[in-house]
Each structure stands twice: as structure tokens, then as C-alpha cells.
Amino acid sequence: MENVFDYEDIQLIPAKCIVNSRSECDTTVTLGKHKFKLPVVPANMQTIIDERIATYLAENNYFYIMHRFQPEKRISFIRDMQSRGLIASISVGVKADEYEFVQQLAAEHLTPEYITIDIAHGHSNAVINMIQHIKKHLPESFVIAGNVGTPEAVRELENAGADATKVGIGPGKVCITKIKTGFGTGGWQLAALRWCAKAASKPIIADGGIRTHGDVAKSIRFGATMVMIGSLFAGHEESPGETIEKDGKLYKEYFGSASEFQKGEKKNVEGKKMFVEHKGSLEDTLIEMEQDLQSSISYAGGTKLDSIRTVDYVVVKNSIFNGDKVY
């Protein structure tokens, strides 16, 4: 791999503005059969999303993916969302009972609009088999498969029938895969996204390493259709995590999906817990993201998201540590 870089190493170069106000810029994106207000999706993690937030997002035309850490609630969740005329977007793993779950959905004529196969190392036969299983029993569901970090993986999962792939191995703020295993896209997530996107024929979801709203625009520039974000969505009033007070400031807990806090045991731990400053309402953050992205589009010299895909950029080497103090 040559020319390796991450979000903080890149600056996009402005093109002549053609709008009078950024409010003329359209941030919508289509994924599958549906159109969404922003190319952004909160991470399918237990401290980021719950039923209430999923409902709010769906009602307001934002994409969401429900986590898979309360598997027994998924059927009622799908029913509930679809009965309200909202999209049902769920996560599955690859263990044996997940195969039965997919068959149960088919038997009950429940077809979630989106199913995300959510595995730390998605370039595996286990994921390929699950893609094929879902496509056989629920052919109408849009399948997102991940996570991966190489062009080979993207091609294999697409060939198996995935409708989109999710790219990112361990770049997340509460992910310590890069430290624990020596593997991953932490520190070069943006270059990995670019590498994978060049091989892709279907949409890519960039997952992890986003630290600023500008990173969303950079992800779009390097080939993402949708951007999954954890830490920036953690710590809101609505967030599921616990609120605590420290030195007169409010904080919320945020932990990784493979952390001991998630698993309830210290086994194969590749995630950590942190406390993030309380951020106020989720709605305010989503509005700010939209406005910042509208500004990005105006700097790109266009009126739509796609205009960002063709801008020039420079590499300004800063730090390989992705803005995180690892130790």
C-alpha cells in the first residue's frame, strides 16, 4: 500500500461556488429503495441506538441500523416499525440461531427493509454463507455486509449477494482491535475506504474513525455512500448510556461492541468504555451535521452530495494516531 493517509491528513480543495446560500444544497442520499436526509447513520451499538432513537430517525427520514444485542426483541421491533409505515433495519450475526431467525422471518412473512450482517471480521465464509441464506429466504431485504478492509473482501461479499459493504476494521474511538491484535484500518481508515471503493460496484458504508463533521465530506469524496458514526452520536440526551456527573459536568458512557461492558464478561475483549461529555439533543447534532454538509457541498462547487466526489485534495501529514491518545 502506497500513499496511506487518514482523515486528519487530508484537506479538500474548494471549487467555485454556484449557490447563493448553503440552504440550496441538497444532502440527501439514496440507499436501496429509500431516500434519506443525510449520508450518515448512527453506529449499531448499544450505547448509541435503541428503539426510541430508531423510531425518531425513521420518522424524520434518517437512516438507522438497530443493534443486535437484544436478539429476542427483533421480531416485535420489525412488526412495530412496519405497522407505523416506517422502515425496519436490523442487525444479525452469523451463529446458528441467526439462520433460524432468518427462516422464522420468512415463515412469518416479515421482510425487514435492511439487514446488516454485523461481524468484526467480515471477510469470512461465515458472512458469505449468511448473505446467501438471507438472499434465499428474504430476497427483498437490502443486505449490508461487514466489516471489511480490503478490495478482495468487498468483491467477494458483493459477489455473494451483498447489496452494500461496510468498511472499517477497528478505527473506532472505543475500539482497541488495532492495539489488541495488530490488525485493522485504524490510522489509515480513509485510505482503506478509497482502496475498497475503487473495487466496489455497490454502495460502501464507511464505518469508524469519524471525529468531525468534515470527515463525513471526506468520506463521500473517497467513495462512501453512507457514513457510520459512533462517538459523535454518543452522549446525547436521548442516548441509551448512563448519565453521570463529574466535577459539575455531565457525561454519558459509551462503550465498544466487543467490550467487556457489552459482553458481560472479560473474554475476547476488543473494545473499551469511555465517558463522553453530554452533548444536548440529538436533533441539534443532526441539524448541525446537515448544515455543515451543505457548506461542504457549496465549497465543492455544486448543489448535491455527488459534487464532493470530484474535488481535488491535498495530503497534509499530521498524525497517524487518528486524534486519539492511545495510552
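Any Cβ shown, glycine's included, is placed from N, Cα and C.
Now, the feature entries from Swiss-Prot:
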type: ACT_SITE; residues: C175; note: active site, thioimidate intermediate
type: BINDING; residues: 204-227; note: NADP(+) binding site
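The secondary structure of T225 (NADP(+) binding site), as reduced to three states from DSSP, is coil rather than helix or strand.
In this structure the alpha carbons, written CA, of S219 (NADP(+) binding site) and the residue listed as 'active site, thioimidate intermediate' are 19 Å apart.
With the fewest other C-beta atoms within 10 Å around its C-beta, T225 stands out among the binding-site residues S219, T225. Least packed by the Cβ count within 10 Å, out of the recorded positions C175, I210, is C175. Annotated pair H213 (NADP(+) binding site) and C175 (active site, thioimidate intermediate), C-alpha to C-alpha distance, rounded: 20 Å. The two recorded residues I204 (NADP(+) binding site) and C175 (active site, thioimidate intermediate) have their Cα atoms spaced 20 Å from each other. Around the Cβ of V216 (NADP(+) binding site), the same chain contributes P39, V40, I210, V227, I229, M289, D292, L293, S296, each under 8 angstroms and 6 or more positions distant in sequence.
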